[in-house]
Each structure stands twice: as structure tokens, then as C-alpha cells.
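What follows is a single structure, written as C-alpha cells, with notes after it.
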Amino acid sequence: MSSPRSFFWVQEYFTPWDYTARAVTRILAYRKTPFQEMLIAETGAFGKGLMLDGHWQSTTVDEFLYHEALVHPAMVQVVQAGGIPRRVLVLGGAEGATLREVLRWRSVEQVVMVDIDGEVVAACREHLPEMHQGSFEDPRVEVVIADALDFLQETGPIWDVILSDLSDPIESGPAYRLFTQEFFRQIRSKLQPDGAFTIQAGPTGPVELHQHTRIVRTLKTVFAAVQPYAIYAPTYGGPLGFALAAQDPISPRPEPEQIDQILSQQLDPERGALQFIDGITLLGLYQVPAHLRRAIAAETVVYTLDNPPRIE
């Protein structure tokens, strides 16, 4: 006689016709907050994971791929532009893993994390210590539970790096306004002249790359330099895009030795070595595939508050 099944399947839809299923073995936290539906669970293969509105945000097995790719290109860009990344603003990032990566940099004096959903932040703080690794307790960190737009309107142009670690811009979610031209103009106005901004910019697979190309197109109407790139992390079921934006030039072919030297000089060795990003990896990330370059060049849609991201 077979034993009762000790897991259940959680489906994540990428299009109305395609989904992946992940085995969940234990629910650690579940709730519907005023902003979104949250699940923190143990999975069969990917460790603990955070799901918001039916989409996996990260899992402990491969989150380093995402969070290192989000944080370190922008920090390196500031150094290459002649600046020092002292003050960093994180938008979203409830798991605390983005904080963890920022705090590796010895030059960092202040990190402010702004998240609209205090319930999700509290749940991640309790259930995902593998991700945040105590970063919420670092004296350089301040957590603000607020709308990112409201916070940006009140803060000054003091930030060396701004990182947008937000959930996908679905119409029913809390983040869709934060992918618009108006928001990116606010971001630009709050950066130091040699500052840098990185945003998680949607999937880049051929079936669903329109969101990525439109985010990149929108950024190019605001910033002088924009560098798209993408990673593959199994949690997401396909390639996931980012975009780095700045007013200073961004080299699409960074010298690996120079990047390695910057990382060696700037990162705190007591916080452990990076698992993903180094000079060769960064050079590879910036080599955008031909199909994606063509799609970005052909894109005409600009996201605005009157024409925000929509599910298609």
C-alpha cells in the first residue's frame, strides 16, 4: 500500500496556455494582505520560496543568481563613473536578499528599503533568514513601509544607487505604476550625477519579451545610457531581464580584469565571496542576443501612467 502523498503542486502561469508546477511540501506562511496574495513555502527541490500573486519571487536554492545580478552591476557602474556607492535605495526587496548584497560593499553607509507591504516584509524576516542573513539588523539599514512613489517625492537627490526589486507589474498588483516614464523621471531626479539605477525588467523569452522591451524603451526616454541584460534562474522557468540605467556611459564590453579588481577592492571579504557575478560573467551578461536586440530596437511603446503595463 502506498503512503499518502506528502506534497501538492503549485502552478505558475506564464501565459494563458503555459504554466510550470512546483512541489510544495510545507506552507510556512499564507495570507492575503491589502496589496497582494503571499505564500512562503518549502518546496521539494528549490528550498524555501516566496510567491506573490501566483508568481515565484525567489527560492533559496538559486536566489543568488537574481540578487547578485540586480545589485552589483549598478554598484560597479558608479565606481567606473568615478563615484563611491555610499547611499543606496532599495524599492521592494521584502526577502532582504537585496539588502544582503548591498551590504557586501564596504563603502555603503546607508541603505533604505521601501516596501509597500509590511506584512510580507515581516513574514520574510521571520521565515527566510537564509536569504536576508540578518541584514535587517545591520545599523546601516532602515526599512520604510510606504509607497515608493510617495517616498521618492519626499526624498532628496542624495542616492548613489537605486535598485528596483519589485514584483511584476500586473494590473491588480501594487507595482504597475513603478514601471512608467513618470516614475523613471522621479528616479533620475533623485540620483547623484554619477548614480545608477537597476530594475528587474521582465522575462526575455521569445513568447513573452514585450514587457522587457517596453521597459527598456521607456527607460531610454529618460536616461542617457541603458544596458539590458538577462539571467537564467530555474525558479523563473525562463530567462529574466534587467536594465541598468545611468547618465554616464555604460560600457557594453566591460574589462573582466578591471571588474574583478573593483570587486576585490570594494567587497567585504568577511561576508563571503560572490557566487555568480565576476568580471567574465558581467561581460557575458551584457552581450544581448540578436533577437532581443532587434526587438528592443523595434519597440515603440512607452509605459506611462495613462498607458501602464497590462497583462497580454
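Positions of Cβ are set from backbone N, Cα and C atoms, glycine also.
What Swiss-Prot annotates here:
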- Asp165: active site, proton acceptor (ACT_SITE)
- Gln36, Asp115, Asp147, Ala148, Pro174: S-methyl-5'-thioadenosine binding site (BINDING)
- His67, Glu95: spermidine binding site (BINDING)
- 7-247: domain 'PABS' (DOMAIN)
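Put simply, of the recorded positions His67, Glu95, Asp165, the one whose Cα is nearest the Cα of Ala148 (S-methyl-5'-thioadenosine binding site) is Asp165. Cβ neighbours of Asp147 (S-methyl-5'-thioadenosine binding site) (same chain, under 8 Å, six or more residues apart in sequence): Ile116. Listed in sequence order, Leu50, Gln57, Ser58, Glu63, Cys124, Leu128, Met131, His132 are the same-chain residues six or more apart from Glu95 (spermidine binding site) with CB atoms under 8 A from its CB. Model confidence over the domain 'PABS' (7-247) stands at 94, taken as the mean pLDDT rounded to a whole number. Within the same chain, the residues at least 6 positions away from Asp115 (S-methyl-5'-thioadenosine binding site) whose Cβ sits under 8 Å from its Cβ are Leu91, Gly92, Gly93, Ala94, Val121, Val143, Val144, Ile145, listed in sequence order.
For the recorded site, the residue listed as 'active site, proton acceptor', the DSSP three-state label reads strand.
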